[in-house]
Amino acid sequence: MEIKKRERAYDGYFKINKLTVEQEGQTFTREQFNRGNAVCALVYDTEAQKYILTKQFRIGAESELVEIVAGMIDEGEAPEQSIRREIEEEIGYHVNKLEHLYTFYSSPGGATEKVTLFYAEVSEQHAKGGGSAHENEYIEIVRYEAQELVNLETYDAKTIIAQQWLKLQQQ
């Protein structure tokens, strides 16, 4: 398959591209959702010995979700910088240890977004957290012991991947 042409079909809060592609002599169009790349982290408080997650309203789910800390990578930012910033904004901690776990596409059938998942250790909360007011984020901090987190029912893919990683670490 070869991309012959790329146009911006919609340029709002999210971006949609229209691609003209050719495959085996056939030419056709496809829409592509372009929202940028994201980071997320399974955060462990080494002093409290609990995992720290967030609870917030998510427009796609049209409800509140409990999920690992996450956010978008700003232009010119490395994933490691971005997740450190998100952890400070959302839960108010400085990162003591950061380990890259996985990088994956969130929905490769139609979206460009790559998500980089980290494991982060923290120990001292230095700020309230709760998200960024200028981004209209209203985030509640929730804490779980390891087994509670492993058993948590969630519909968020990045959190499920983090749960599976944690299960593997317990074996």
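Heads up, the Cβ atoms here are built off N, Cα and C, so glycines get one too.
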For the Mg(2+) site that TrEMBL describes with E86, E90, E137, which of these is also annotated: A70, A78, A127, A146? A70
Counting across all protein chains present, how many other Cβ atoms fall within 10 Å of the Cβ of E137 (Mg(2+) binding site)? 15
When DSSP states are folded down to helix, strand and coil, where does E86 (Mg(2+) binding site) land? helix
For the domain 'Nudix hydrolase' (34-167), give the DSSP counts of helix residues, strand residues and coil residues. 33 helix, 53 strand, 48 coil
